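Visitor: Below you will find the structure I want to go over with you.
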Amino acid sequence: MEPENDTGISEFVLLGLSEEPELQPFLFGLFLSMYLVTVLGNLLIILATISDSHLHTPMYFFLSNLSFADICFISTTIPKMLINIQTQSRVITYAGCITQMCFFVLFGGLDSLLLAVMAYDRFVAICHPLHYTVIMNPRLCGLLVLASWMIAALNSLSQSLMVLWLSFCTDLEIPHFFCELNQVIHLACSDTFLNDMGMYFAAGLLAGGPLVGILCSYSKIVSSIRAISSAQGKYKAFSTCASHLSVVSLFCCTGLGVYLTSAATHNSHTSATASVMYTVATPMLNPFIYSLRNKDIKRALKMSFRGKQ
């Protein structure tokens, strides 16, 4: 029997990470804690960069934008998940699903682009230190962030609009804790060739493109560091990009891990569990990575809490 084609659907069902009732309180507490830590940590980074004039530099300007993107990124998925657990409902409206998917794609792409921009900033700082302030002027920094927003927004809108053209069947269960683009497309009854091509193109543009840029920047950075004669000079140069390199590694490794897990198991629930790493863990860990070894951030936060300028 052929599935019924329904173009006037009103809602989807999010199956979540687990269907076990006894696990729901634990999941609620765990993800609420992770969400609050993520929002608070990234807000502190933004507060530090705004309040301390010494941090009004391109590196911290990009970092504050990344923190804002991380707050928005995690806020597109976790609050709805917590509401569903608390109300014991798995339903999300059609409009809500499309909106969630749109913003998830937007801020996921923005994260990737901002990491590439930050890699370029570190490249200029280490490879062209004498011309750093001239090259990384406020106008260029603003344009780089604006371009990142525009590219991510155009991709998000195009992906979402293509989903709106799809027809869906009676099986509207999404084996995930949020409306993930690939999962939603696979529920469609109509032809998804254009959607699949759009996803692959976007993956190449917003994942492959920034990754190539980051690798090129760091290849130049490594060459410059190797040319430095003193060990102290090498350590100082490397320490300026160590935090960014850690965040990039975390972002890429978790994303690759989710992809490999999905390809190896073909189990949607396993994929959903693995995706927690890049949707929740990465935004949560970023503030800790940037602040633990960053004396400037620590000093700015101490001054903010003490009420000093």
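Residue numbers in this text run from 1 along the chain shown.
Just so it is clear, glycine is given a Cβ too, placed from its N, Cα and C backbone atoms.
When I checked Swiss-Prot for this same protein, it listed these features:
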| type | residues | note |
| --- | --- | --- |
| TOPO_DOM | 1-25 | topological domain 'Extracellular' |
| CARBOHYD | ASN5 | N-linked glycosylation site |
| TRANSMEM | 26-46 | transmembrane segment |
| TOPO_DOM | 47-54 | topological domain 'Cytoplasmic' |
| TRANSMEM | 55-75 | transmembrane segment |
| TOPO_DOM | 76-99 | topological domain 'Extracellular' |
| DISULFID | CYS97-CYS189 | disulfide bond |
| TRANSMEM | 100-120 | transmembrane segment |
| TOPO_DOM | 121-139 | topological domain 'Cytoplasmic' |
| TRANSMEM | 140-160 | transmembrane segment |
| TOPO_DOM | 161-197 | topological domain 'Extracellular' |
| TRANSMEM | 198-217 | transmembrane segment |
| TOPO_DOM | 218-237 | topological domain 'Cytoplasmic' |
| TRANSMEM | 238-258 | transmembrane segment |
| TOPO_DOM | 259-271 | topological domain 'Extracellular' |
| TRANSMEM | 272-292 | transmembrane segment |
| TOPO_DOM | 293-309 | topological domain 'Cytoplasmic' |
Visitor: Would you kindly list the residues that approach the topological domain 'Extracellular' (76-99) from elsewhere in its chain, counting only those six or more residues past its ends and only Cβ-Cβ distances under 8 Å?
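Guide: Apart from its flanks, the topological domain 'Extracellular' (76-99) reaches 9-16, 24, 27-28, 31-32, 34-35, 107, 160, 163-164, 174, 177-179, 184, 279-280.
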Visitor: What number of additional C-beta atoms lies within 10 angstroms of the C-beta atom of CYS97 (disulfide bond)?
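Guide: Other Cβ atoms found within 10 Å: 22.
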Visitor: Are there three or more C-beta pairs under 8 angstroms joining the transmembrane segment (272-292) and the transmembrane segment (26-46), sequence spacing 6 or more?
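Guide: Checked: the transmembrane segment (26-46) vs the transmembrane segment (272-292), in contact.
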Visitor: Which range out of 55-75, 100-120, 238-258 gives the transmembrane segment (198-217) the most CB pairs under 8 Å?
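Guide: Ranked by Cβ pairs under 8 Å, first place goes to 100-120.
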Visitor: The topological domain 'Cytoplasmic' (218-237): which same-chain residues, six or more beyond its ends, come within Cβ distance under 8 Å?
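Guide: Distant Cβ neighbours of the topological domain 'Cytoplasmic' (218-237) are 119, 122-123, 126-127, 245.
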Visitor: In the same chain, who gets a Cβ under 8 Å from the transmembrane segment (55-75) while lying at least 6 residues past its ends?
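Guide: Answer is 35, 38-39, 42-43, 45-46, 48-49, 103-104, 107-108, 110-111, 114-115, 117-118, 121-122, 125, 136, 141, 144-145, 279-280, 282-284, 286-287, 290, 296-297, 300.
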Visitor: Under DSSP, is CYS189 (disulfide bond) part of a helix or a strand, or is it coil?
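Guide: Reduced to three states, the DSSP call for CYS189 (disulfide bond) is coil.
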Visitor: According to DSSP, collapsed to three classes, what secondary structure does CYS97 (disulfide bond) have?
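Guide: Where CYS97 (disulfide bond) sits, the three-state DSSP reduction gives helix.
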